[in-house]
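Copied over from TrEMBL:
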type: DOMAIN; residues: 5-202; note: domain 'PNPLA'
type: MOTIF; residues: 9-14; note: motif 'GXGXXG'
type: MOTIF; residues: 40-44; note: motif 'GXSXG'
type: ACT_SITE; residues: Ser42; note: active site, nucleophile
type: ACT_SITE; residues: Asp189; note: active site, proton acceptor
Amino acid sequence: MSWGLVLAGGGVTGLAWEAGVIVGLADSGVDLTSADVVVGTSAGSIVGSLVLGGIAPSELAGLVADPERSPLELNGKSKNDGDGGVNAQVFIRWMSVKEFDESSTSAIAQLSLGSRTMTEAAWVEAFTEELGERTWAPSLRIVSVDVETGRRKLWSAADSAPLPSVVASSCAVPGVFPAVEIDGTKYVDGGLWSPTSADLLLDAGLDAVVVVSPLGGSDPMGVAFNRSTDREVAELIERGIDTEVLRPQTPISPLSAFDDSQRIPAFEAGIVDGKAAAERLGRVVGVA
């Protein structure tokens, strides 16, 4: 049986929760890193790069749940000369979109190019420092959005692009972090199109898919995240792909995605949620 894993976006809080889920499942005998294909978006691209790059589940706590350090060191990074007013415009435009397509996605991404953020070089450097010498795992796929076209780019080892640059592009939230240029094309956060992009596995020839999706809740942004994920999951199921979704038992709102005070509690909650879902997900991946 072949199966795929989707690690969704979620900011620092979602990253910590996803890492906790991997730990909780591993403690229960379910190894998510054994997936044939792993699609990571934004925070999910960081988690995927780490665990497929040789970080054992037992080491994740030291990387994402250390109270003395954040997963990414961004303090003191140099800033660009963008306009801080554009940052707010990007957020307003983003929140006004009812249904994302290439046109609306590109418009937001292009507007964000004028925002006040750290420099692109400093942003990529942060990922180089975090990922170290890790390179592409054969099963890893990462989602970014092409600024000009608004289309998703599904990266893999075959693209021969530096892993830190690709992960940085997937995490480049418009209006918050800078776009990243790779081979002459600028890219931003894959989550601008979808928090999960699980639909990119529709034609991957898989028997099963596990979607790990940290963000949701009852506020408008949370509802939108849930709706997007549910729609993609429905498409997979309609295609005959056995699909399971794992969400936090206590919802994490997109509005708290970058609340570092919630990072360690989210990691601990992820461990609990992973253990609780072990039997259900183990059935899908063939270990229960």
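Sequential numbering from 1, following the chain as shown.
Glycine residues also receive a Cβ, built from the backbone N, Cα and C atoms like all the rest.
Residue counts for the motif 'GXSXG' (40-44) by DSSP state, with H, G and I taken as helix and E and B as strand, are 2 helix, 2 strand, 1 coil.
Across the residues of the domain 'PNPLA' (5-202), the predicted structure has a mean pLDDT of 94. Within 10 Å of the C-beta of Asp189 (active site, proton acceptor) there are 28 other C-beta atoms, taking all protein chains into account.
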